[in-house]
Amino acid sequence: MLTIGFIGSGNMAQAMIQGWSGNPEVQLTVYSPNSGKRVAKELGITAEDSAMAVWLKSDLVVLATPADQLAATAKMLQPAILMKPSVIVASVLGGISLAQLHQALGEQLIITRALPNVNVGVKYGYTALAFDKDTNPDIKGAVAALFLEFGRTDELAEEKFGAASAVAGSGPAFVAAFTEALKQAALKNGLTEEIAARLAEQTVAGTARHMIEAKKTPLTLANEVMTPGGSTAAGYDVLQKGNLNQLVLDTITATMAKNAEFE
Ligand SMILES: NC(=O)C1=CN([C@@H]2O[C@H](COP(=O)(O)OP(=O)(O)OC[C@H]3O[C@@H](n4cnc5c(N)ncnc54)[C@H](OP(=O)(O)O)[C@@H]3O)[C@@H](O)[C@H]2O)C=CC1
Ligand SMILES: O=C(O)[C@@H]1CCC=N1
């Protein structure tokens, strides 16, 4: 049995707990100062009274607090780290590098930097992973296998994490915004709230599944839908004239700039 402990029980931690909760080989526990016990009860896992208790019970500890809480977390954990330095750390703290993590927690620890997105909660996530250079290949494989359980993963150089965070980490919010825009357009054109939501969600979900399962690029799929001279082409033209690509690029640039503030 592998025990995974969470420090922080917010949206990202909850998604990861949901993603791993069906695994009979994994036991999950959490500490979070205000919401830890409530979240543990809701998700059917155990809660601890301190970050130290989580560390001492765990084989792998996921740091899932806001990035600016790293120093406070490290302070709470120092005695436990000295008592049990074998614990593997997986940090999902946005913008915090492996070097910063080692500086705060200890140079001797085994640390993985992970950048999952909330879709891990429905086992359709994406996680970028970075390991210390000297990480034992068996440990690397075991950690990667855990993240593979709830979606796709890539091992990425840390300098690519800003882009990965903006596109894949924040991406669900941007895709959700586009989905909401589709829904609003359906509402404006007389569909009911319930039907508008279904049309928008199912279309976004189905389009993603179609591209993945049929191995089609986005443009291939778009061209299949666009009958020459037909109605989709008329709408697509509006997206292009509105410079959708530039708008999305500006969105990712602003997201990356904010993320870099923590570095
Ligand atoms: N949300 C996302 O999609 C993604 C988030 N991330 C990263 O995950 C991290 C968490 O984000 P997210 O879950 O969205 O944030 P939330 O605000 O939803 O949750 C933050 C959690 O951290 C807890 N917390 C705050 N301070 C401490 C502390 N000193 N010790 C222990 N727990 C603490 C809070 O506790 P309490 O509730 O008890 O007050 C809360 O449960 C961030 O670093 C973010 O960059 C990375 C990828 C994607
Ligand atoms: O918004 C944030 O800061 C975090 C990082 C990636 C997704 N959520």
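Cβ from N, Cα, C; glycine included.
Predicted, not measured: the structure shown is a model, and the values here were computed from it.
TrEMBL annotates I7, G8, S9, G10, N11, M12 as NADP(+)-binding residues; of S32, S50, the candidate listed for that same site is S32. Within 10 Å of the C-beta atom of S32 (NADP(+) binding site) sit 22 other C-beta atoms, taking all shown protein chains into account. Note on M12 (NADP(+) binding site): other Cβ atoms within 10 Å of its Cβ, all shown chains, come to 24.
Closeness to ligand 2 is met by none of the binding-site residues I7, G8, S9, N11, no Cβ falling under 6 Å from the molecule. DSSP places the residues of the domain 'Pyrroline-5-carboxylate reductase catalytic N-terminal' (3-85) in helix, strand and coil in these numbers: 42 helix, 17 strand, 24 coil. For the NADP(+) site, whose annotated binding residues are I7, G8, S9, G10, N11, M12, S32, the maximal Cα to Cα separation is 13 Å. Residue counts for the domain 'Pyrroline-5-carboxylate reductase dimerisation' (158-261) under DSSP (helix as H, G, I; strand as E, B; rest coil) come to 87 helix, 0 strand, 17 coil.
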